[in-house]
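The compositional bias 'Basic and acidic residues' annotation in TrEMBL covers 579-588, 603-612. Taken from TrEMBL, the feature region 'Disordered' applies to 579-612. Among the features that TrEMBL reports, transmembrane segment is placed at 6-21, 28-45, 51-72, 84-106, 118-139, 160-180, 279-297, 331-349, 361-382, 470-490, 502-522, 534-555 (among others).
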Amino acid sequence: NNFFLQATVFGYPVSIFFIVVNEFCERFSYYGMRAVLVLYFKYFLGWDDDFATTIYHTFVALCYLTPILGAIVADSWLGKFKTIVYLSIVYALGQVIMAVSAIHDITDTNRDGTPDNMTFHVALSMVGLVLIALGTGGIKPCVAAFGGDQFEDHQEKQRSTFFSIFYLSINAGSLLSTVITPILRAQECGIHVPQKCYPLAFGVPAALMVVALIVFIVGSGMYNKTAPQGNILVKVCKCIGFAIKNRFQHRSPQYPKRSHWMDWAEEKYDKLLIAQVKMVLKVLFLYIPLPMFWALFDQQGSRWTLQATTMDGDFGILIIQPDQMQTVNPILILILVPIMDSVIYPLISKCKLNFSPLKRMTVGMFLAALAFVAAGLVQIQIDQTLPQFPSDTVSQAKFINMLDRKLPIRAGANNFTLDPFTVLCQNCVDTCLGTEDTGPVATNTMSDYILVIQPVMDISPNSFHMAWQIPQYFLITAGEVVFSVTGLEFSYSQAPSNMKSVLQAGWLLTVAVGNIIVLIVAEAATLSEQWAEYILFASLLILVCIIFAFMAYFYTYIDPTKIEAQFAHNDDDEKKRKSVEMVRKDSFQNHNKNRRSSDSNFDENKFKNSRL
């Protein structure tokens, strides 16, 4: 075991290679499943756009709430290694359940290609998503930190390189999965009636998660496993809770005020911890407006993907699936990050402009708002090219798609998409389709007549191309680079040395709250036009951007290391002072003792001499 623990390759511990492969497979599993999720809701489960968006963002929010639970379990109870293993098992089980839920043949007893018990598939899907959220969220704060634990103090350079490789593995897994899983979904599979192959699209990510778990366990003997030391997040919460409680109990005017409300924790906690909590709260206060950015950013996987389903994906040499447009984001990240670091930021610095981290984040929020303005403009063009039907003429109508591609249709206030070579009957009862020349092409045993429908309109496929989504993807990815990367760097630089994980948990929480905002706005706005919802989100983010810029203007940057060193110095001085006082006290006590002893001997001798 000692040999494996000390084994290195090019100066790196062997164990980190298992961790990097594990992270690649896990991210492939997560982003691959998520790429096709909203289309699964719409086309397999039959949900409308709004409800599919609601459940999608509820799932994403849950994925970013559970990291707090994972951090507490790892630091206070199981340790990082066991937490990763146990929650990865839960994770893999959830992915397998999702794959099983997408098999329509399980309940398709009449073999018509449509599940007869949709409640079963919905219930199975929800169970799978909850387990996935617990798994991916629970291991999120543990894997990177566990990788950092593998390095010794003299391997600081290797540790820094490891985190770069770790981030690269995340983006590589995301990029490949968002390319591959939509292709798998587009295939047809089924025992009786071939359908879009969602079981394969979910099954491959499930297999990758099983591989991730196996690879991680195989490296068990090579890991440096640290015992749980107690969760600093819990300690911070207790300190804050005590300060609030103590302040409430001493709210009478007879008690003197203190310079900061956290100072009311001094009766129980040391001043260094209180100072560190103050630094954390100062940054968390700046986090308050940030969820609005994520509310827009994460709609790439919901609203923007649904928008792509109404566009032409023919790029000549290949047909792009709607969910594959999400690959534009990771591709642009790999391009823009080095450009920003090597060209844009140095150029701004040479121009003597103060482009501080908080200013960068403000610009990132503004770019994301512009992305949704662009999405709104695209949506207006889509709406103009969709075929229009008067709402009073579609009470009983059948739509036939004889093309080899999806056909978007807008009938009154209804929007839907026909798969290739399919028939949709709108509000038809006991009718079947036929022609005068060939007779019925489908019969209905419950009907004793045939309704003959003459073609009155030849519907062409939507001509508005998916390439028009690229500008909005460019804007939001540019916003992500200057917002997210800078935000993480800022949080790290402003966090106390032992509370960087606390701010990481706070950062992830802003993502969760952002997805909850999507649910609230989408439900409360009740806008009939999708372009209006895009403009609403853009307007809200611009408003929040102004508020954040105002807060950033009054923020004072700090150096946590100097503050901690100052308190440590004060603690040392206090200890020395107490030590000197104790020495003096002991010396004084010994002096008095000796004096009393001398006086006692003098009195006794005097008494003896007097008797003589």
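Just so you know, the numbers here start at 1 and follow the chain as drawn.
Backbone N, Cα and C atoms are what each Cβ position is placed from, and that goes for glycine too.
Here the transmembrane segment (534-555) has long-range neighbours at 282, 285-286, 289-290, 292-293, 295-296, 299, 303, 356, 358-359, 361-362, 365-366, 368-370, 372-373, 375-376, 379, 521, 525, 527, meaning same-chain residues at least 6 beyond its ends whose C-beta is under 8 angstroms from one of its own. Across the candidate stretches 84-106, 118-139, 160-180, 361-382, 502-522, the maximum count of CB pairs under 8 A to the transmembrane segment (279-297) is reached by 502-522. Within its own chain, the transmembrane segment (361-382) is flanked in space by residues 292-293, 296-297, 303-304, 307, 310-311, 462, 464, 468-469, 471-473, 475-476, 478-484, 486-487, 490, 529-532, 534-535, 537-539, 541-542, 544-545, 548-549, 552, which lie at least six positions past its ends and keep a Cβ under 8 Å from the stretch.
Just going by CB pairs under 8 A, the stretch in 84-106, 470-490, 502-522 that sits most against the transmembrane segment (51-72) is 502-522.
Cβ atoms under 8 Å from those of the transmembrane segment (470-490) belong to residues 283, 290, 293, 296-297, 300, 304, 325, 328-329, 332-333, 336-337, 340, 357-358, 360-361, 363-368, 370-372, 374-375, 378, 507 of the same chain, restricted to positions at least 6 beyond its ends.
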